[in-house]
Amino acid sequence: MSDKTILRALKGEVLPTPPIWMMRQAGRYLPEYRATRAQAGDFLSLCYTPDLAAEVTLQPIRRYGFDAAILFADILLLPQALGPKLWFETGEGPRMETTTTMAAVKALKSKDLIHETLSPVYETVRILSRELPRETTLIGFAGAPWTVATYMIAGRGSKDQGAAHALKSADRETFSALIDVITEATVDYLSEQVKAGAEVVKLFDSWAGSLKGADFEDFAVKPTARIIAALRARHPGLPIIAFPREAGQGYIGFARKTGADCVALDNSVTPEWAAAHVQVSGCVQGNLAPEHMVTGGEALVRETRKVVEAFRNGPHIFNLGHGITPDADPENVALMVQTVRNG
Ligand SMILES: Cc1c2[nH]c(c1CCC(=O)O)Cc1[nH]c(c(CCC(=O)O)c1C)Cc1[nH]c(c(CCC(=O)O)c1C)Cc1[nH]c(c(C)c1CCC(=O)O)C2
């Protein structure tokens with residue numbers, strides 16, 4: 001069996017100290033990230049320049065010795081590879097050419113052509129699998145179809161994913177066709193990451209929480225289950241983490257319904273509740289509020305211990321409940337890591 005702690009936790013082992021990594025661990029809160037990003041020019045150039053993308057992936061590993069490195073890329077690279085233009089407005093976020101009609105869905109590139117755009121990402125993975133310390137696990141990722149579709153339909157981020165919900169009710173056929181295209185392309189994209197050296201993959205469904213009732217089953221659970229089944233057929237035993245953010249009650253049974261080995265939890269659920277209702281059926285990841293990386297101090301130490309304590313009796317990977325923010329203090333991250341590892 002591998003001695004990598006993350007892989008052991010994903011197989012269900014209960015470890016005396018939980019392995020730890022952090023969403024957005026390579027990011028603007030780190031001065032060394034800002035320097036490399038400046039060298040790249042802009043965010044997308046950083047994503048598509050393998051040496052620099054590998055460099056920023058390694059930075060938080062050198063600084064904190066996290067147990068996992070997550071490939072530096074973005075969930076919007078896959079839809080970009082399907083054809084729509086993508087750019088980032090400084091200080092605002094992503095913008096994308098919209099896909100809202102059946103004609104536009106049909107005009108998306110065939111999934112066999114995505115690798116022309118995405119091959120630098122696979123090269124980043126190859127560099128990382130050579131350069132990472134032997135105890136560090138390499139995580140690949142993609143957005144889950146619903147979350148990716150919300151950006152493709154609205155052409156940008158939105159608080160309530162209104163445009164995607166509107167298309168889902170007004171033109172179910174187009175909406176479902178788009179979900180299917182993304183689902184199939186995601187399988188090929190993640191499969192290439194695994195072939196290049198990713199040891200675990202994670203599906204980010206950041207907007208899963210806005211899907212209610214049958215929609216949650218149809219567009220969060222089912223596409224995730226399809227991707228996982230297809231990946232497992234190609235890569236038996238591949239460990240997979242699913243993050244249906246803000247799923248609430250939807251976290252219960254999510255691993256069983258989708259085949260995920262681990263469910264990542266946001267911090268809108270308490271660790272005590274999640275231990276009782278979600279961790280009972282397998283490994284969980286999470287879920288310290290990212291705000292503590294800004295505020296630090298005794299509250300950080302107390303809440304970190306609470307998370308560790310609540311999940312102590314089952315398989316657990318320590319993480320934040322969402323990505324670390326640019327205003328975080330790198331010293332607070334060090335304090336969190338020290339608290340998890342030394343109590
Ligand atoms: C919704 C989403 C996106 N991207 C991602 C999600 C899902 C997770 C989540 O909910 O946060 C996922 C993502 N984005 C990034 C990673 C890299 C790996 C990691 O360190 O976690 C991952 C896993 C880098 C990034 N992706 C982005 C940055 C900041 C870009 C910069 O350097 O200016 C980073 C480090 C940009 C991005 N990318 C996206 C948005 C909305 C933004 C702008 C918001 C922001 O500025 O923080 C889309």
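Cβ atoms here come from the backbone N, Cα and C positions, even for glycine.
As annotated by TrEMBL, domain 'Uroporphyrinogen decarboxylase (URO-D)' applies to 19-28 (among others). Mean model confidence for the domain 'Uroporphyrinogen decarboxylase (URO-D)' (19-28) is a pLDDT of 98.
Sequence annotations record features per position, and here TrEMBL assigns substrate binding site to R24, Q25, A26, G27, R28, D74, Y151, S206, H322. According to its DSSP assignment, Y151 (substrate binding site) is helical.
Marked as site 'Transition state stabilizer' by TrEMBL: D74. Listed in sequence order, F43, L44, C47, P94 are the same-chain residues at least 6 apart in sequence whose CB falls under 8 Å from the CB of D74 (site 'Transition state stabilizer'). In the three-state DSSP classification, D74 (site 'Transition state stabilizer') falls within coil.
According to TrEMBL, the feature domain 'Uroporphyrinogen decarboxylase (URO-D)' maps to 139-155 (among others). Tertiary neighbourhood of the domain 'Uroporphyrinogen decarboxylase (URO-D)' (139-155): same-chain residues 6, 21, 68-71, 73, 75-76, 78-79, 84, 94-100, 125, 161-164, 167, 175, 178-179, 182-183, 186, 189-190, 193-194, 198-208, 211, 219-220, 223-224, 227, 241-244, selected by CB-CB distance under 8 Å and a gap of 6+ residues from either end.
The number of other Cβ atoms within 10 Å of the Cβ belonging to R28 (substrate binding site), over all protein chains shown, comes to 15. Counted over every protein chain shown, other Cβ atoms within 10 Å are most numerous around H322 among the binding-site residues R24, H322. Close to ligand 1, meaning a Cβ under 6 Å from one of its atoms, are these of the recorded positions R24, A26, D74, Y151: R24, A26, D74.
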